[in-house]
Amino acid sequence: GSVVASYPYDDSPTHKPTGVYSKSADDEVFKYLAKAYASHHPIMRTGKPNCPGEEGETFQGGITNGAQWYDVEGGMQDYNYVWASCYEITLELSCCKYPPTSELQQEWENNRDSLLTFIEKV
């Protein structure tokens, strides 16, 4: 996991593991939605999730193009965009896939304003 808003495409024509910006036709819309979420999240907006084992990983403004971060062939985000015209972003909300119950209230506090902002944009 991480703390970042990722947007299409997750797959790239070259299928290099990382570092290839794979721009969609609606790139500006996706960046707008990702920024709307990330800019209201206290950790995500810093672009420095500081996840254990990945302390040096950074995301400008808390967002990333999926394939630039890491290439995913056949992912749902791309499939839904291409085949169903769904505008989806992927939200990585925690360094830990299954945070302990004791951390859930803080996770809600971290994401509440972002979720409300995102709903307003949609």
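Every residue gets a Cβ built from N, Cα and C, even glycine.
These come from TrEMBL:
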- GLU92: active site, proton donor/acceptor (ACT_SITE)
- 1-122: domain 'Peptidase M14' (DOMAIN)
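Taking a C-beta cut-off of under 8 Å and a sequence gap of six or more, GLU92 (active site, proton donor/acceptor) has these contacts in its own chain: GLY1, SER2, VAL3, VAL4, ALA5, SER6, PRO49. Mean pLDDT across the domain 'Peptidase M14' (1-122) comes to 96 in this model.
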